[in-house]
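Colleague: Here's the feature list from TrEMBL:
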- 107-127: transmembrane segment (TRANSMEM)
- 147-168: transmembrane segment (TRANSMEM)
- 189-210: transmembrane segment (TRANSMEM)
- 293-312: transmembrane segment (TRANSMEM)
- 333-359: transmembrane segment (TRANSMEM)
- His431: active site (ACT_SITE)
- 441-460: transmembrane segment (TRANSMEM)
- 466-488: transmembrane segment (TRANSMEM)
Amino acid sequence: MQDQKTSEQFSSKEFIMRDLSLERTRLKLKELQSGFIDDMEEKMQRVLADVIKEVGNPENDQKLFDESLNCLDKMKPTREGTLPDKQFLTRNSLLTDLFEIKHIRTIYHIFVAILIILFLNTLIYDLTDTGRPKFGFGLILWNFGDIKTVIMIWICMMAGVFSLYLMFHFYASNRHKVPLKHLKLWDQCWLVAFILYVCALLYFPLASLLEHNLPPASSLIVLMEKIRLMMKSYAFVRNNTPKVLAYQPKDSNNDKQSHSPCPGFSQFLYYLFAPTLVYRDSYPRTDSVRWRVVAWSFTEVIGIIFYVSFIFERLLKFQFEHFGKSRVESKDVIVSIFNTMMPATLAMLCAFFCLLHSWQNAFAEMLCFADRMFYKDWWNSTSFSTYYRTWNVVVHDWLYTYVYKDFSENVMPNDRVMPKLMVFAISALFHEYILTFTFRYFYPVMLFMFGGAGVALTFVQRKGAGGNIFMWLSLCMGTGLFLSLYTMEWYARINCPKELGYWADLIVPRSWTCNFMKQ
């Protein structure tokens, strides 16, 4: 009996101790729960307050937007007195993100609707005029004629670029073997070889283009691809030459580098097709290729080619095709220029979307290239200085990195005006170079508008809606004037007799000597 009573006492104590333990655990968990909830509520309140503050202040929104687009593409300078370097990040093109907003997507749909209207307009005109539809194929097939020659020229250019890599690899791999007294001569010889390579790249494709008399679009492909390869070649050599000069063979084992300071061929090949002109050994990459995005991007390119063809056939061609056949009054020219401004602006927007959005995004997607900031919000610019920096980020990055930055740091330190003028001069000259050999005549409208008036407009600083309206008004008028003058000169050379010698006729615009200028 005594043993049974003792056992019951112990059982009661165990139950009591277990209950107390459970109660303490419950209270502790409740205390932790309460503290966790209070802490989360406090943090959520702070986050919501910050969000409300940002949303409620438009200036903060604009600042956030500008920083995401304008500041994050440059790294902080590594040394005092130097300019920041280009920074590659994982990001979409701006229009890709904006098209997720249904209101912005509607603008895209409006442009598609305009394309359909132009298509129907062209179809009805063809049926009533010739009795059979042409769908703008005539103008497209003529512009992209002799495509086999274009492909052969491109293959030869690519062979030349590959030979540059082989030469640079040989130079980089053997430089440390050259005796010190011959090292300067070794470097100078390879510098001369590189200059000869650039001259050959500029000359031989152009000579072949002129020999086969390629039409405008085919000529434009050859000339733009030649300039692209030249810019990429310079960037590759410029980025890697300092590494070669600083290379010491004894460091290769310690740093686990390859025997040659020259990047691998796979790196060079990827850079050659990547949608950037600034060389890096590696770039941010996406995980996979979305082939539907690639297909749709190329579909947009084809659609825009027809778009521009319809614009020229239905809205521009009839205004200038008779130029030179009969007397043209000055007032008629002025009216034609103003009639051209809206179609020219539409063609300019199509060219922007085709080259800087659809084409670049197609190659970026195929190569898993993650940084797709090929342009910024140039349409919001309130000054031309901002417009030039945001319209074509791909070319701007090259000019900034290899012209403006190098000139500022190595030639004229602390000077910002001369490097800026150098950028404009180089850009204007190469734009004029492309146009001159595309159309086979020198008419320096682009040189004057971009290298003259364009530079002057960068010093005109306006803010707000007025500045944006001024930018758009100047852009529309300039594009209309540019397209009108080049189109008049094109038809003047078709319809007007040649009155000057061979070289003078190439330099002096024939539209100046055509019958509308004569009394």
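Numbers run from 1 along the shown chain.
Just so you know, glycine gets a Cβ as well, placed from its N, Cα and C.
Whatever TrEMBL says is automated annotation, not expert-curated.
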Colleague: Which sequence positions outside the transmembrane segment (466-488), separated from its termini by at least 6 residues, show Cβ-Cβ distances below 8 Å to it?
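Modeller: 316, 320, 323, 333, 336-338, 340-342, 344-345, 347-348, 380-384, 387, 435, 439, 443, 445-446, 449, 453, 457, 460, 511.
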Colleague: Within this structure, do the transmembrane segment (441-460) and the transmembrane segment (293-312) have 3 or more Cβ pairs under 8 angstroms, counting pairs 6 or more apart in sequence?
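Modeller: No, these stretches are not in contact.
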Colleague: Relative to the transmembrane segment (147-168), which of 107-127, 189-210, 333-359 accounts for the most Cβ pairs at distances under 8 Å?
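Modeller: Counting Cβ pairs under 8 Å, the winner is 189-210.
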Colleague: Name, in the order they occur in the sequence, the residues of the same chain whose CB lies under 8 A from the CB of His431 (active site) and which sit 6 or more residues away.
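Modeller: Spatial neighbours, sequence-distant, of His431 (active site): Met446, Leu447, Phe450.
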Colleague: With a Cβ cut-off under 8 Å, give me the same-chain residues at least six positions beyond the ends of the transmembrane segment (333-359) that come close to it.
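Modeller: Residues 93, 95, 114, 297-298, 300-301, 304-305, 307-308, 311-312, 315-316, 319-320, 374-375, 391-392, 394, 475-477, 479-484, 487-488, 516.
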